[in-house]
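Colleague: One structure coming up, written as structure tokens, with questions to follow.
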Amino acid sequence: MITFMNNSDSEDEPCNERTSLMSAESPPVPSYQDGLQASETREAQTHRKRQTGSSRSPNNVADEDASDSDVRVRESALENEEEELTLKYGAKHVIMLFVPVTLCMIVVVATIKSVRFYTEKNGQLIYTPFSEDTPSVGQRLLNSVLNTIIMISVIVVMTVFLVVLYKYRCYKFIHGWLILSSFMLLFLFTYIYLGEVLKTYNVAMDYPTVILIIWNFGAVGMICIHWKGPLQLQQAYLIMISALMALVFIKYLPEWSAWVILGAISIYDLIAVLCPKGPLRMLVETAQERNEPIFPALIYSSAMIWTVGMAKPDTAAKGQSQQTWDAEDERENHSSTSHSDSQILDTRSPAPSHPITLEEMEEEERGVKLGLGDFIFYSVLVGKAAATPSGDWNTTLACFVAILIGLCLTLLLLAVFKKALPALPISITFGLIFYFSTDNLVRPFMDTLTWLPRF
Amino acid sequence: MTLAVFFGCTFIAFGPAFSLFLFTIARDPLRIIILIAGSVWGWGPWATSGHRAFFWLVSLLLSSLIWFIAVKASDPHDEPLQKGLLIFGVMFSVLLQEAFRFLYYKLLRKAIEGLVALSEDGCSPISIQQMAYVAGVGFGLMSGAFSMINLLADALGPGTVGIHGDSQLYFLTSAFMTMVLIFLHTFWGILFFHGCENRRWWEIVAVVVMHLAVSGSTFCNPLYVGSLVPSYVLMAIAAVWAYMLSGGSVQNLRRFLLCAQSEASPQPAS
């Protein structure tokens with residue numbers, strides 16, 4: 001899901017221009033709340049910048065308030081400027097998300113192609129109890145659909161549970177849950193992964209070394225994700241745990257169930273984020289009401305930490321990072337990921353709460369946030385494409401490009417709609433189309449072509 | 001068949017393209033998006049008969065589809081017919097790729113109008129010539145990747161090339177062919193967009209004819225090495241033509257080579 005944190009949905013559109021016109025005169029009131037204030041200050045900066053650029057004095061503000069037609073013209077002009085700013089940053093945001101998604105997919109594909117362990121069938125998760133080892137196609141299809149239904153219901157239940165907990169402010173519970181799940185991911189799954197990689201390359205390693213490596217990796221990971229750490233290290237850890245989670249899914253989900261689950265999850269994502277009573281939408285709205293960021297630790301954040309000239313940066317930053325890490329573990333606790341992470345948030349991390357000068361505004365970086373669930377399911381799709389028995393790389397490449405294009409389109413829609421958007425549907429749809437068509441249509445074509453090269 | 005062959009072929013095939021990417025495209029996020037979108041578009045023709053890679057992919061998809069239908073509808077044991085169908089499939093995919101290039105041109109024109117409308121000073125941040133170049137690189141990279149990547153994966157594993165009497169240079173020639181193809185797509189992109197911009201139909205026809213010629217030449221010779229030289233000659237012609245169209249000239253080239261005070265470079269003018 002993609003959201004813009006700083007605009008709550010409905011009432012702000014007409015107000016923004018007015019309040020920002022007025023706040024061009026007077027600086028906004030310092031406040032601990034980053035949500036609305038941040039948007040107004042941001043737009044105030046935008047307008048102030050524009051006004052300075054076009055040499056309009058702030059006195060005009062009062063005059064134009066009086067005349068409606070001027071305000072209307074201004075509103076459209078301001079909207080255009082706002083759009084242009086969004087678009088200018090838009091391409092940059094797209095690339096800021098391309099890189100981690102690409103890295104995660106590369107890690108997953110590299111592992112799938114080299115480590116046999118993740119393509120061997122060694123049982124299934126309890127969430128997909130029906131086996132696909134049936135003699136008839138119909139039976140197999142039925143089993144995969146049943147598996148999907150069970151898996152999706154588990155995910156729905158977990159998401160609703162999370163939303164309920166969040167609504168009733170059971171932060172400690174969520175917090176504990178998240179710590180437990182990320183602990184398991186960072187230590188147990190990494191240990192298994194390391195073991196399998198060493199087995200594949202026939203490298204011997206003694207236990208003390210393993211303990212040292214895993215301990216350091218896990219401890220630093222826990223600190224980075226749940227407390228403080230350099231942004232890039234945190235991003236790297238989030239990418240790694242997404243990749244590990246995706247590998248678990250790829251290993252334990254049977255073939256057809258995986259594809260049906262991918263399809264069903266994108267539909268669920270669409271519903272959960274866009275419907276008024278969807279759990280994820282309620283989560284976003286609750287967080288916006290309370291002016292808290294939505295579980296930033298469950299979410300990959302590409303935002304630059306903005307510390308230039310902030311009056312009270314630390315308290316704001318700390319306050320947010322405290323809440324951010326609560327929700328993350330909850331998701332990883334289960335093999336099924338809850339969908340609070342299928343979100344992309346566009347917010348600024350620690351929002352300044354004091355008047356910002358123009359120079360600081362120039363250096364501002366608006367970040368885009370993408371939920372870890374999106375990373376995981378993108379990687380599951382590409383990994384499953386890479387794990388096909390035919391061993392074809394074209395399919396993997398096609399799915400990879402399809403997902404990136406879907407992400408690009410989703411971000412474009414985010415720039416247009418400026419509200420919470422599901423990140424899964426478009427990418428997964430493209431990915432599925434490209435996977436099935438490349439596997440069944442392009443592969444025979446290209447294979448025959450390689451016997452007689454060329455094009 | 002070892003790491004040496006793998007890396008050698010990878011760098012031969014993709015080295016120039018990746019350096020083009022690094023030096024000219026990687027720094028601007030908008031260009032990266034156009035590159036990836038173009039590559040997807042190029043895939044379509046392949047599949048039916050088969051932000052740039054997307055367009056190529058879609059064209060690949062569509063052309064593979066057509067080929068697939070044709071093959072299913074025909075007798076699988078008739079060798080010449082199968083080969084004929086394959087040639088037909090490839091020709092069709094070439095035509096479809098060019099058609100998709102045209103569609104992509106239309107899409108980019110709309111995008112430029114949008115960017116101009118939204119920009120502060122009435123200028124788009126990227127010109128159609130730059131987009132042509134990036135689109136060409138996207139098409140080229142995607143087509144190169146699709147042709148080489150399975151070969152490269154096989155090159156890592158055990159085996160001997162040409163043990164049954166085929167050419168021993170198969171990997172090398174494929175790598176060189178891929179490189180020339182990526183360059184050709186880049187130059188064709190520039191030529192094609194220039195032709196569309198200025199309504200010069202002969203440029204577009206020339207691009208299509210060149211593409212057909214290059215694809216056809218690979219079918220005609222059993223040894224496959226023989227098709228390399230004509231392709232390189234065609235690439236040189238296309239390079240010079242694209243350079244001239246982008247505002248280059250002999251003086252620019254001379255000044256560039258002598259490191260004099262001008263910015264002559266074989267890229268489209270901004």
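The backbone N, Cα and C atoms fix where each Cβ goes, glycine too.
Here's the feature list from TrEMBL:
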TRANSMEM  B:29-46  transmembrane segment
TRANSMEM  B:53-73  transmembrane segment
TRANSMEM  B:85-104  transmembrane segment
TRANSMEM  B:131-149  transmembrane segment
TRANSMEM  B:169-194  transmembrane segment
TRANSMEM  B:201-219  transmembrane segment
TRANSMEM  B:225-245  transmembrane segment
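How buried are these features, and what lies next to them?
Modeller: Tertiary neighbourhood of the transmembrane segment (B:53-73): same-chain residues 35-47, 82, 85-86, 88-89, 92-93, 96-97, 99-101, 103-104, 135, 138-139, 141-143, 146, selected by CB-CB distance under 8 Å and a gap of 6+ residues from either end.
Here the transmembrane segment (B:201-219) has Cβ contacts under 8 Å with residues 87, 90-91, 94-95, 97-98, 102, 177, 181, 184, 188, 191-192, 194-195, 226-227, 230-231, 234, 238 of the same chain, all six or more residues outside its ends.
Below 8 angstroms of C-beta separation, residues 167, 169, 173, 176-177, 180-181, 183-184, 186-188, 190-191, 194, 210, 213-214, 217-218, 253, 266 of the same chain, each at least six residues beyond the ends of the transmembrane segment (B:225-245), sit close to that stretch.
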